[in-house]
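S.K.: This structure is in structure tokens; I'll ask about it shortly.
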Amino acid sequence: MAADGQLKVLTTLDHARTQWYHFMAIVIAGMGFFTDAYDLFCISLVSKLLGRIYYTDIARDTPGSLPPNVSAAVNGVALCGTLAGQLFFGWLGDKLGRKSVYGFTLVLMVVCSVASGLSFGRTANGVVATLCFFRFWLGFGIGGDYPLSATIMSEYANKRTRGAFIAAVFAMQGFGILFGAIVALVVSAGFRNAYPAPSYADGRAASLVPEADYVWRIILMFGTVPAALTYYWRMKMPETARYTALIARNAKQAAADMSKVLDTEIQEDADRAEAVAAGGAGNEWGLFSRQFVRRHGVHLVATTSTWFLLDIAFYSQNLFQKDIFSKVGWIPPARTMNAVEEVFRIARAQALIALCGTIPGYWFTVAFIDVAGRFAIQLMGFAMMTVFMLGLAAPYHHWTTPGNHTGFVVMYGFTFFFANFGPNATTFIVPAEIYPARLRSTCHGISAAAGKAGAIVGAFGFLYAAQDPHKPEVGYKPGIGIRNALFVLAGTNFLGMLMTLLVPESKGMSLEEVSKENVADDEEATA
């Protein structure tokens, strides 16, 4: 169909006033992301405790910690599962429909979240192995939420506020991170008061009470609560009109579904519905076709590369987070605390970071995405991240001297504020808008998987690379040092800024208009 042959149900969706069902969709899709963030990031709150419980040797002066390979497995296996889930469920969402697959990912997340907390074994390796197994499949379910949540929200929204709605779904990630820190604070405070213990320095064996093993299990399992609460509402959501009309070829059903949702009567034009059922414009090309490469090849390069580069920087924050926390006094040396106290201190620091830097950045994007546009916000975000990374790297020795740590925290906070008020949000939004309906979930999944590949590089590649060249941590080989790693990350952000130049602007356009889905190949060639 040509542009003037748009289905009435899609035109109605594009011009619908913002109403209750939009907010319901944000909450239903957003709670998935809330749970995703909780499940992905809560492991960093308890990994120190796992080291103390399963790897402490009381003959040593310092409490136990996870060996490098075990730490990489525990923290990274969910990222690997997420990458696989993004590719698989992204593809499945275009084949079977957004709604049916959406429910399955949530069930998988609930089951594997509980199973992670119930990880069993007689030895440390046994517990870690079962934990890693269930966290991989937890990540697999989380991976499906990325393309499906973004696609569902983009296909439900009107074109005027679509960016803000998708950004609001993604912004729930910030609340999920904060909720994880709050749960860890409450659980650790409760156990700390119920089972008082000396610091490791004052009593090595007594500093680790047997009940501490319950702390990490409760924290991991608590992620099932928000996911389970939204399952019923997910199943009540109708399939998106764009999937029903453009992929399932049932425009009348799409009109009936949206009539109920919008509480208005939508009468679909019979000729247009018949044209869609017969194949529309005849654009049936697939992901690996010449037509896709010509229309969207550059777009796919742009969305995958920018998300990959962004996540390298975003997930490398653990490089200097532990140094910041210890130098400003938020987390004292491990030997001066007992096991449960350390969880409490780490959770408190994470909550402060989430409140001051993470959450505000997300909501700045919600406020300005449909005003400034996706392109401008992403370009600005990468540029400011580059500037602040250089501001951390160039005078790094100045920041590490006593009296200057507060300045380091401020610079660090601004770096990740502009990640969230910038590419961390826009790389999620853009792939849900610029691809045709039959490939939208697939292409979003590919873009998101590229991001998770960057996350793995950032979280673990740089963990090894940033080791001090003269005095690396126990179990690690010498690296290039934190200062040089920061320079590399600044270069990564600059490259992300350059790749953003390939990203198209989709502000205020219908999904069919921006993806040229309603334009036939011969029409495009003569345009």
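Note that Cβ sites are derived from N, Cα and C of the backbone, with glycine treated the same way.
Here's the feature list from TrEMBL:
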- 25-508: domain 'Major facilitator superfamily (MFS) profile' (DOMAIN)
- 20-50: transmembrane segment (TRANSMEM)
- 70-89: transmembrane segment (TRANSMEM)
- 101-120: transmembrane segment (TRANSMEM)
- 126-143: transmembrane segment (TRANSMEM)
- 164-191: transmembrane segment (TRANSMEM)
- 214-233: transmembrane segment (TRANSMEM)
- 297-316: transmembrane segment (TRANSMEM)
- 351-372: transmembrane segment (TRANSMEM)
- 379-397: transmembrane segment (TRANSMEM)
- 409-430: transmembrane segment (TRANSMEM)
- 442-465: transmembrane segment (TRANSMEM)
- 485-503: transmembrane segment (TRANSMEM)
S.K.: Do at least three C-beta pairs under 8 angstroms join the transmembrane segment (70-89) to the transmembrane segment (214-233), pairs 6 or more apart in sequence?
M.R.: no
S.K.: Considering only the recorded stretches 101-120, 351-372, 442-465, state which has the highest number of Cβ pairs under 8 Å to the transmembrane segment (297-316).
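M.R.: Per the Cβ under 8 Å count, 442-465.
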S.K.: Could you tell me what the rest of the chain brings near the transmembrane segment (126-143), counting residues at least six beyond its ends with Cβ under 8 Å?
M.R.: 35-36, 39-40, 43, 50, 54, 70, 73-74, 77-89, 105-109, 112-113, 115-116, 119-120, 445, 448-449, 452
